C-alpha cells in the first residue's frame, strides 16, 4: 500500500466534509486548531510507530487533518482578504506549497544524515507548535455589519422589547411576515444542492484536478526515467525536479495579473493547458544520452511547471467567483457561508483526486507502453481540458446560468412555478 495514496485518499474525503464543521462555528480558529492537533497526533504515530498498522493509521490521520486545515485556512483567507486581491493571496498559498515541497525533503534529508531519525520529527513538531501559536494569536477579520453575516446568517430585524398596545392590537400584515421569511437563509442542504447542480463548478473542479495530475504525474516516473536514460545518480534525480518547481515561484505574480484583469482567467487557464499539452507531447523527443536531450528535458519540464502556475491560481479564484455570482443573481436565497466552505472543500478534494490519479496513471502507462506513450496520453488529457476550459469556464454561453433559486427550490409567484 502506498502511504502517500492513503494520505491523499483521506484528504479527499475529509476536505469535502469540513464545510459542515465550518458552517456551525462562530470562529474558524477552533476547527483550524482541531486539524493541527490531529495532525500532531498523526505525526507522533509515525515517529514512535514500530508496526505497519500504526504507520498506515498515522498517514490516514495526516491526510484527514490536512484536508481540514486546508479547507479552513482557505475559507479564513477568503473572509479576510475579500474579493480584491484574492488572486494574489491565493498565489502566495501556491508559493508556500512549492517552497514546502522543495524545502521539506532537503531539510529532512540533511537532518536525517547529520542528526538522526528523531531530529526530523523534531523539526516537524516545531513547525506544528509554531502554527498552533499563530492560531492562538490569530485576529479574525470582522465583517462591516455584524459577525453573523460573515458566517452566513441573516441579520435579525430590530424589534422593540415592549410593543405599544396599538402595535399589539394591530394585526401583522402578511407582507411583513413574508419579508421576515425572506431574510431567513435557506438551509445548508439547499446551498449544497445549488452548488452541486452548477455546471460551472464542475468545469473548475475538473481543471483543478488536471492541474494536480500534471503536477504529480512525474513523481512516479521522472526519477526512474533520468536514471535509465542518462544514468543520473540520486542527487541529480532530485535536482531535475527543480526544473518543474522553480517556475511556480511566480504564483503571486500570476495572482496579481488575475486580480487586475478579472475576465482573463478563462484565457490564462486554457492557454496554459494548451502550452502544457504541447510540452508534454514533445517529451517524446527526449532520446539518447546527449547534452541536447538533457537540456530539452529540463526546458520542457520548466514550461510544464509554468503552465501549472498559470492555471492553478486563476482556477482557485474562479471557485470563489462561482459562489459570488450565484449569490448576486439570487440575493438572499443562497447560504453563502455553507456554499463557500463546501466549494473550497471540493477544490481540495479535486486536487487530492488529481494527485492520486496522476502518479498511478503515468506510472502504469510508462510500465505498460513506455515513456513516449505516457507523454502523448498526458498531453491528450490536458489538450482536451484546454478546449473545455475555453468554452465553458466563467460566464459562458455554452452552459446554463447557475441560479440558486432555480436549482435548489421551486419558487411560487402568483401561483406560477419559476
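Glycine too: its Cβ is placed from the backbone N, Cα and C atoms.
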For the annotation transmembrane segment in TrEMBL, which listed range does it cover: 5-29, 30-54? 30-54
Which one of 243-267, 293-317 shows up in TrEMBL as transmembrane segment? 293-317
Between 30-54, 89-111, 269-287, 293-317, 338-362, who has the most Cβ pairs under 8 Å to the transmembrane segment (117-138)? 30-54
Leading contact stretch, 30-54, 89-111, 203-226, 374-393 vs the transmembrane segment (293-317) - CB distance under 8 Å: 203-226
Where else in the chain does the transmembrane segment (269-287) make close Cβ contacts, counting only residues six or more beyond its ends and a cut-off under 8 Å? 207, 210, 214, 229, 293, 296-297, 300, 303-304, 306-311, 314-315, 318, 371-372, 375-376, 378-380, 382-383, 385-387, 389-390, 393
